[in-house]
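Take a look at the structure set out below.
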């Protein structure tokens with residue numbers, strides 16, 4: 001066992017003494033050491049309940065002959081960080097979390113890990129760190145939040161972001177907005193739709209890294225405690241059997257996750273996180289081109305918020321990810337999972353699917369997959385749109401650019417009534433390096449939706465979008481403005497042509513004009529000169545490469 005390097009032999013007497021100071025016995029030190037990686041915090045609703053889950057995991061570890069050691073990582077709530085400088089730290093926190101997991105596990109000689117994340121960057125961050133070690137691990141995601149209810153209608157966090165736009169144009173009163181605020185988020189869990197946190201939980205299960213149904217069991221459901229306990233027991237088996245993550249995370253496993261993502265219409269942020277996770281196995285193991293290629297294999301089969309009518313509770317009751325695998329059985333690759341059964345064995349074990357929620361492939365919500373990769377002179381390395389949450393009339397759009405050099409400039413213009421039907425809002429200098437941190441543009445997109453412009457106005461950015469964004473929102477434009485991408489040279493009034501069906505995005509300019517404008521661009525000057533974001537800005541790769549640190 002790896003932990004023998006910490007605890008075995010006369011030379012390790014000082015090490016054992018320190019462990020005994022923590023309350024561990026000689027008997028405990030004979031067992032496999034299991035790190036229980038928690039991300040409990042009192043400021044993030046997706047994480048406020050994780051102490052209960054970590055206790056359940058530890059019970060499972062003890063019951064099956066292991067010794068658990070709990071430690072914590074940071075966890076940022078994108079919703080609380082949204083719309084201000086704090087959002088610049090969200091994506092970069094993924095790398096801190098990965099480094100923390102790697103450092104703690106290696107320093108203390110853990111034989112296996114159970115990861116307990118919930119929200120957006122914590123899920124991929126923990127997995128990335130654990131993959132660097134290539135020791136057995138299982139993920140217990142914290143689970144979705146239940147939707148709230150206002151005046152007989154379900155609501156959740158995005159109802160409020162869009163409510164701000166509705167208030168600005170007089171659709172609702174401030175009192176009504178306040179009333180929605182009181183009931184939209186009723187308790188623990190990740191936001192109630194198929195936003196980034198829940199998308200990543202679903203893909204983690206599809207990768208084979210969580211036990212079946214884990215992704216969709218809700219935070220307040222006792223089933224979540226039971227599956228946490230079962231996971232604690234299972235990790236001891238994986239350590240004894242030496243089942244490494246690289247035995248599970250083959251190219252085909254990643255393809256399964258991407259197929260599930262495309263079929264469900266998950267968050268565009270998955271196109272950052274899946275390549276970043278795969279990068280820990282091999283550079284460019286998975287790229288945007290894989291999303292593009294696989295998007296032709298499956299249709300969009302689930303109508304889940306923000307692009308549809310259902311919530312995560314509906315997906316769970318419809319059969320969860322195993323039911324999605326069953327529906328996609330003809331496309332799914334047969335891969336290993338931490339459960340011990342193969343992906344197809346899990347799919348074949350499903351006895352019930354609600355086909356009103358998870359549609360059959362031959363009767364989909366949309367014929368096209370839920371995510372689309374676009375390329376053209378504006379984004380030669382690619383950009384991403386959640387086409388499953390776009391009004392079909394906006395699948396093709398041509399309009400004049402309204403250009404803003406930050407999210408703050410753009411939101412002021414949108415709320416100030418400066419955007420009209422037909423416009424293409426361009427927000428630049430918000431990329432991984434230029435932002436820095438690639439802020440999510442949920443406030444601008446929600447304002448556009450709330451004001452009723454989402455069927456006539458497109459938004460393009462080198463930043464990214466919340467999983468809760470809907471409408472014609474095209475993000476991750478690569479190269480970004482800070483890297484000299486064409487988005488840096490667009491001017492007000494330039495005509496931008498978008499064709500989501502043909503996967504194209506271009507600005508209507510002669511090549512000679514493009515070259516002249518690019519030649520006049522000033523050299524990028526980092527906005528932040530000290531601290532973590534200064535280092536991040538210098539070291540981060542492009543969005544099309546997963547925004548990983550070089």
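Cβ coordinates come from backbone N, Cα and C, glycine included.
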| task | Pick the one from 78, 408, 462 that Swiss-Prot also lists for the Mg(2+) site with 120, 121, 440. | result | 78
| Which entry in the list of binding-site residues, 78, 120, 440, has its Cβ near the fewest other Cβ atoms, using 10 Å as the limit? | 78
| note | In three-state DSSP terms, residue 120 (Mg(2+) binding site) is classed as coil
| In sequence order, which residues at least six apart in the same chain have a CB under 8 Å from the CB of residue 119 ([2Fe-2S] cluster binding site)? | 39, 44, 46, 47, 75, 76, 77, 78, 142, 190, 196, 197
| said: To the nearest Å, how far is the Cα of residue 440 (Mg(2+) binding site) from the Cα of residue 191 ([2Fe-2S] cluster binding site)? | reply: 15
| message | Around the Mg(2+) site formed by 78, 120, 121, 440, which additional residues qualify by having Cβ within 8 Å of the site's Cβ center? | response | 76, 81, 87, 90, 91, 119, 196, 197, 269, 466
| said: Taking 10 A as the limit, how many CB atoms besides its own sit near the CB of residue 191 ([2Fe-2S] cluster binding site)? | reply: 31
